[in-house]
Amino acid sequence: MNHKEIAGQLVQLLGGKENVVSATHCATRLRLVIEDENQIEKTAIEELDEVKGAFSSSGQFQIIFGTGTVNKVFTHFGPLVGASTGGEDSGKSVSHKEAAKNKMHPLARFARTLSNIFVPIIPAIVAAGMLMGLLGLMDTYNWVDPESGLFVMLDMFSSAAFIILPILIGYSAAKEFGGNTYLGAVIGGIMTHPGLLNPWGLADAQPETLDFLGFGVEMLGYQGTVIPVLLTVYVMAKLEQGFRRIVPNAVDLLLTPFLTVIFTGFVAMLVIGPLGRTLGNGLTSVLGIVYDTAGPMAGLIFGGLYSTIVLTGVHHSFHAIEAELLNVGGNYLLPIWAMANVAQGGATIAVFFKTKNKKTKEIALPAGISAFLGITEPAIFGVNLKYRRPFIGAAIGGALGGAYVVFTKVMANGIGLTGLPMFAIAQDPVNYGIGCLIAIGGSIVSTLLLSWKEETK
């Protein structure tokens, strides 16, 4: 059977060209978005000449042909279903990716979107995270004088990425949502404006309240947040697209960016900000009540859910209550958060050993190390949330570690440091270390036991 005959047979076995929404290919596989996968005769397809396997993943039905063969088959297959023959580099691939995303489960689509936004940012976050961990050790063990020029400069290098994180997210998210990337960066800049109180300063100061048309607006920034910035940039992209449809071409360059920034800025300050803070205050109240009444069960719950809370960005609201806890004997919350963080690293390391995807391996190891140092964004968004089940494995490990540190009453003498650097401020380093081992071990075992589908290229 020649390649033209194989292509013709494929169309029939896929349920006809009407059942093929979109088609493209990579180096080894034909990638198809199918209207109704129940019409596919999968066994018959796998028995065709040159076909090495077929499976469904990430909203696509993929048929493995191998290098070279897939190009020859697609040359005949593409015209039969009305697809371009240019492969993934062609303009057709854009609509194919959108079609594939639309076929995915909403949760998978959400995870894929977050991954697409954060993967480009990972190198900056990993570098900053490792520098922060190194600085914490240097300061704690007096390796370098904190007043020295070396320490001050390294501190500047390590904090820069997190200070402008919403700007980086704004740029990347705007690209994913179909907006102007530079407008996305501007929105991130608005949300981290020096005139807004950095949320890390909530333990020492209260934000000013601005009177706006009779409404009190708290001047609180979004440094280090994720979901509030994503939501705002999503709104920005939709507003921009709407304005471009109605603004005349002659003034589009002037009016569309102007209107987009103004309206999105108000949405950020008047809607998303207050809602996020209300949610944060509510979570803080619930946090105290549950811990006081549930004991180790609270550690189990908080350790398991903390990484999910991080996704919303409202975890910054915990800093104030953590500072208050220092006045009454110790911060019992930080060790729980630390368990969740190192568990994310453990799950990522498990993915590193289990995956066959070269790109995932390249990301997983440095992301895991970063999580052990307390910086979890690369692990969460670059690896674990992308495949979902490793994120669940991390939640299990975090829950087990959280229960242990609450049971053994591990507390911290400060705020901010988690992972390995937290050994410096742990009141009980031995039990803290045991908790870390439980969290990491639990997440590794859970992740290895859970299975997920992935691309192997």
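Note: Cβ is positioned from N, Cα and C throughout, glycine not excepted.
Within the model, the domain 'PTS EIIB type-1' (4-87) shows a mean pLDDT value of 85, rounded to a whole number. Annotation comment: TrEMBL describes 4-87 as domain 'PTS EIIB type-1'.
According to TrEMBL, the feature active site, phosphocysteine intermediate maps to Cys26. Within 10 Å of the C-beta of Cys26 (active site, phosphocysteine intermediate) we count 15 further C-beta atoms, all protein chains included. Classification of Cys26 (active site, phosphocysteine intermediate) by DSSP places it in coil, neither helical nor stranded.
Marked as domain 'PTS EIIC type-1' by TrEMBL: 112-457.
Annotation source TrEMBL lists transmembrane segment at 117-138 (among others).
As annotated by TrEMBL, transmembrane segment applies to 150-169 (among others). Sequence-distant contacts of the transmembrane segment (150-169) (same chain, at least 6 residues past either end, Cβ-Cβ under 8 Å): 117-118, 121, 124-125, 127-128, 131-132, 134-135, 138-139, 144, 185, 188-189, 191-192, 222-226, 229-230, 233.
Per TrEMBL, transmembrane segment is recorded for 181-200 (among others). Same-chain residues lying 6+ beyond the ends of the transmembrane segment (181-200) with a Cβ under 8 Å from its Cβ atoms: 163-175, 206-208, 219-225, 228-229, 232-233, 236-237, 240, 257, 260-261, 264-265, 268, 316-317, 319, 416.
Summarising the annotation, TrEMBL assigns transmembrane segment to 220-237 (among others).
Positions annotated as transmembrane segment by TrEMBL: 249-272 (among others). Outside the transmembrane segment (249-272) by six or more residues, the chain places 180, 183, 186-187, 190-191, 212, 215, 217, 222, 228, 231-232, 235-236, 239-240, 243 with a CB less than 8 A from a CB of the stretch.
Taken from TrEMBL, the feature transmembrane segment applies to 332-353 (among others). Sequence-remote contacts of a segment are chain residues at least 6 beyond its ends whose Cβ falls under 8 Å from one of its Cβ atoms, and for the transmembrane segment (332-353) they are 287, 291, 299, 302-304, 306-307, 315, 318, 321-322, 325, 360-361, 364-365, 367-372, 374, 376, 379-380, 383-384, 387, 390-391, 393-398, 400-402, 404-406, 409-412, 414-415, 417-419, 422, 425-426, 432, 435-436, 438-444, 446-448.
Feature annotation from TrEMBL assigns transmembrane segment to 391-412 (among others). For the transmembrane segment (391-412), the residues of the chain that approach it from at least six positions outside its boundaries are 291, 295-308, 329-332, 334-336, 338-344, 346-348, 350, 379-380, 384-385, 422, 425-428, 431-432, 434-436, 438-444, 446-450, judged by C-beta separation under 8 angstroms.
Sequence annotations record features per position, and here TrEMBL assigns transmembrane segment to 432-452 (among others). Beyond its flanks by at least six residues, the transmembrane segment (432-452) meets 303, 335, 338-340, 342-347, 349-351, 353-354, 372, 387-390, 392-394, 396-402, 404-405, 408, 410, 419-420, 422-423, 426 of its own chain at Cβ-Cβ distances under 8 Å.
Secondary structure of the domain 'PTS EIIB type-1' (4-87) per DSSP (helix as H, G, I; strand as E, B; remaining residues coil): 35 helix, 22 strand, 27 coil.
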